[in-house]
């Protein structure tokens, strides 16, 4: 019984991590249709910002070091948001009708960013101190342990997901985003500034990548290649869930995470990963539009 | 215009041939020559990508998978030759008792060579025909093939005992008793590879000029219309995907022979995407262009990572962006423009 609950907690924890990774891409790729291969590097950017904020707290306000994670997450969001905005205006918007070219160009961008991180921060891994109140585990019964930082991540993911949902479905701006996604020409005709909406949507997706990167520092260290490590998984989650469907992304992250942790229990980590990748490809063969695609007219 | 293209391509063949057959072997010492052999093995992959992506419009980011199949098959044969009658030492380190069953057929050289062609052909055809019949294309195909490349490299690294893990398969010196690390043998291998490359280039140029080539272009530009005209577009796309896969596999086999090792780093995501840029730099519509692209990028990689290690990724990243933004037809397109300008000047005189 304990094992099953711990196993489910492991899956839940992986689920929230996958979801945090994927939700930014679900907006950029799913809603806007932009293949941003540099999305992983935006996560790495968030992670490095967190690292810098932690360094800042260590040097100037060591007494508040325990609370650095909150401002760090906010900083990571703001910086990647700004970078995403700049990126869309200066680069991405010229490729909207050439998806495969976008893929190659953003891949080039990701290589440049990787080398930039390597030049600035060095090739070795950097890590941040875990705040004291997140260190340790919650132990409701003997033999069951839930590490606090994972619980924190789960909470944050819920917050972010609900926030995004509210933003997209309960605000005027979200209405504009959905309108532009569904029919760009018509939205323009009724007076929506589609360029502005595009830029802000892309920036929001980038900012979410920043949050994900920031959270990653709590469970692992960061190196210049970190983004590359996650990018394929992130795309797989979004495609598997069915693009254009945020709910699909959530369900897909859940499915993948639970099956991966279950498989990891039976076999080794890398074999589980291979199995998941092949499984996803098989499922996509039968449902190319993704598992949970909403029916849209094209 | 068609004649211009033929003349240009003929000229490119001639220049490339003189450069590879006469100038390079005369100028370079055996070590540098073997480096170039490595780049040439990448040219096979690039030619496949020209056919598949430039003409067929299919962007696969999983060419590393087939490159790896070819490379690993030859490496398995060479490794067993080197360690016979014992099992390869990395298996012993991972406390394997006996040779894995799937290694056994590749004790035979003939079977290995057949395997280099047949295994990627069958896998690529079955996979791609299924995918294309479902009309999965464009970005989704790119992501799925990328996932395949990731899966294969993760599997190789994860199964140390059967594949040599992240070190790959190394430490073999002889091919059928011939020492492949010796200078003379390297030179022979270089020319064998050149001959094979020329053959492949001619086949590719031929395919482009047949009706099949025309249909490929039509599929790239408007697949629905071709389908409505009664062609089985999935089958045609699967065919060109298969050709590209076999070319990758041959390139991989050559790579192992030239470099003397194969590792998962040439199979994975990074390597697979990089292969696309060879074709893009040279010109995604030009067979000789693809070869030039592979040579140039390969050379730039060695030169930059030796002299300015920091700059290599900046350079490669910039090349990706530059090709997309400024020269979608690559170097070949540039050359064609220059040729067209000079010839039109001559005719107007």
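Just so it is clear, glycine is given a Cβ too, placed from its N, Cα and C backbone atoms.
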Of the residue ranges B:91-111, B:112-132, the one that TrEMBL records as transmembrane segment: B:112-132
Given ranges B:12-28, B:165-181, the stretch to which TrEMBL attaches the annotation transmembrane segment: B:12-28
The transmembrane segment (B:228-247) versus listed stretches B:12-28, B:112-132, B:139-158, B:188-208: most Cβ pairs under 8 Å: B:112-132
Highest-contact recorded stretch vs the transmembrane segment (B:12-28), from B:35-55, B:253-271, B:278-300, B:312-335, CB pairs under 8 Å: B:278-300
Tertiary contacts of the transmembrane segment (B:61-78), as residues 6+ beyond its ends and Cβ separation under 8 Å: 45, 48-49, 103, 106-107, 109, 112, 115-116, 119-120, 123-124, 142-146, 148-149, 152-153, 156, 163, 168-169, 172, 174-175, 244-246, 248-257, 261-262, 264, 266-269, 271-273, 275-276
Segment proximity, the transmembrane segment (B:35-55) to the transmembrane segment (B:139-158), 3 or more C-beta pairs under 8 Å: no
Candidate ranges B:35-55, B:112-132, B:188-208, B:278-300, B:312-335 - greatest C-beta contact count to the transmembrane segment (B:253-271) (under 8 angstroms): B:35-55
Same-chain residue ranges lying at least 6 outside the transmembrane segment (B:112-132) that approach it to Cβ under 8 Å: 66, 69-70, 73-74, 76-77, 105-106, 141, 144, 233-235, 237-239, 241-242, 244-246, 248-250, 252-253
